[in-house]
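Undergrad: Mind looking over this structure? Questions follow.
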Amino acid sequence: MTAVKDLQQVEQRTSRHRREDPGPLLVPGTVAAAYLLATGRWGSYVGWPAHQVYAGDVLLALTVVWALLRHRASFSATRRDLVALAPVLALAGWAAVRLVTPLHLESDALRDVAPYLYLLVACFGLVRVGERARLRTTAVLYAALVVHAGWFVWSMRFPARVAGLPLLDGTVRVLETRADFDGSVTAVLASASLALAVGSRRLPARLALLALSVASMYVVASTANRAALIALVTTLCGVLVACWSTLALAVRHHPRVSAAAAVLLLVALVVVAPRTPVYDRLAGGAGWAKNSVSGTTAAREAAWGEVLHYVDHRPSRVAVGVGMGPDFLQDSGAAVHFQYVGRKEVRQPHNYALNTYARTGLVGVALLAWLLVSLVVAAVRALRRKEATHLGVLCALVLGALFVASMVGVILESPFAAIPFAFAAGRVLVPPSDEAGDAGRAA
C-alpha cells in the first residue's frame, strides 16, 4: 500500500509540473535564433553551399518538424493572436505576391524575397510554453550573446589569426567580424546585462552583471561603427523604460543621492560627451568628417538618392515596387557609390525601409509601418512588464538593436539577423497566455 501511495504522489507531482510548465522545453525557434546570435554572419555560411543548404535553414526546418510532431497540442491560434501577427503575415504575403507578379523564379529573386519570408518565424509565437521554458530560453539566448561577445573581442584583438582560419563558401572566414551586426549584438548584451543588474537582489551578481555591461559598452564604442553605437543608445533607452519603476522607487527612497546622480549625468551629457569620439561619430562632427568611414556615409546617402529617383520615375514602381529579381542598384546607377559594379554579393541599398520601398512599393512600406508600430507598442508593453518574464525584455532589446542597425546597413536582409529578429517579434507580439491574461485584467 505504501508503494502505491508513493507512486500516486509521484504521478500527482508530475501532472502538477506539466500543468505549470506545459509544452516544449524551449520556445520553438530558440536554437536557430541562439545559433545565429552566437555566430553572426560567418555562422550563417556554415552548411552545404553547393546545394544552397545552410545551418540556419536546417535548424528552422527541424524546429517546424519538431513542433508539429511533438507539440501540436500547444498551438493556440486565438483571434487575438492572429490579429497580433496580422502585420507579419501581411508583409510576408505581399512580398510573396511580388515574387510571382511578374514571375521571377530565379536564384536572385528567391534571395530577395527570403528576408521577408523569414518573418514567418514569428508564427512560432503561437506555440504556448510555460514559465520554465521561457526562463530556459532566456538563459540560452543570453549565453549566445556572451559567446558572441567572446569571439568578437578575440577576433578584434587577433585579426591575423582570423585570417588563417577556414573560408566558408569562399566568402567569409570563421570568426570573421562584421562591425555593424556584431556591435549591435554586443549592445544587446550590454543593455540586457544592465537590466538584469538593476533587477538583481544579490550584490555579487549585480556587480558581475554591471562589469559585463560596462565591458560590453566599451567593446561597442571601440568598434567605431555608427550602427552599433545607435543600437547601443536604442537598447539603453529600452532599459530605461524597463527599469523606470525601479528608478522611481530609488528616487523616492534616496532623493539626495538621486539628485546628485542626475546632476552628474547631466554634466556628463552636456560637457563630457560632446568631446568624445563616440559622440563625434554619432553626430557626424568635424572629427567624423575627417574619418575615412564618413566617405561611406556620404556614398550611402548618394546611393539612396539614386534609388529614390529611380523608383519615383515610374508610378508603377512607386505603387508596387520593382518586385523580386531585378537588381535596382545596378539599374539605378547606385551601385557605383557602393563600388559593387560587376559584383552580386550585395543587392540592397543599406537601408531596410528603402529596400522594402524599392521592391514592394508604397503597399509594402505601409505594411512595414504597420508592423513597426505594432512592434513598438508590444515592445514597450514587454519592457514595462519585466517582472513577468525577462524573455520579453531581451526580445524587445533584440528588436530595437537590429532594426536601427538595418537602417544604415545590410542587416535584416541577411538570415543571421532576419531569423533572430522574427523570433523576437513573435515572442513580443504574442505574449504568453498568463501575461496576456494579466494585461487584460489590468486594462
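Going from the start of the chain as shown, residues are counted 1 onward.
Even glycines carry a Cβ here, placed using N, Cα and C.
Heads up, TrEMBL stuff is auto-annotated, nobody curated it.
Residues annotated as domain 'O-antigen ligase-related' in TrEMBL: 212-368. Annotation comment: TrEMBL describes 1-22 as region 'Disordered'. Sequence annotations record features per position, and here TrEMBL assigns transmembrane segment to 25-45, 51-69, 81-101, 113-130, 139-159, 179-198, 205-221, 227-250, 257-274, 357-379, 391-412.
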Undergrad: Would you kindly list the residues that approach the transmembrane segment (179-198) from elsewhere in its chain, counting only those six or more residues past its ends and only Cβ-Cβ distances under 8 Å?
TA: 37, 40-41, 142, 145-146, 148-149, 152, 205-207, 209-210, 212-214, 216-217, 219-220, 223-225, 227-229, 231-232, 234-236, 238-239, 242-243, 246-247, 386, 390, 393-394, 397-398, 401-402, 404-405, 408-409, 411, 414, 416-417
Undergrad: Go through the chain and flag residues at least 6 beyond the ends of the transmembrane segment (205-221) whose CB is under 8 A from any CB in it; none is fine as an answer.
TA: 146, 149, 152-153, 156, 183, 186-187, 189-191, 193-194, 196-197, 228-229, 231-232, 278
Undergrad: Taking contact to mean three or more C-beta pairs under 8 angstroms, with sequence separation of 6 or more, is the transmembrane segment (81-101) in contact with the transmembrane segment (51-69)?
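TA: These two segments do not touch.
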Undergrad: Limited to the domain 'O-antigen ligase-related' (212-368), I'd like the whole-number average of pLDDT.
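TA: That region's mean pLDDT is 77.
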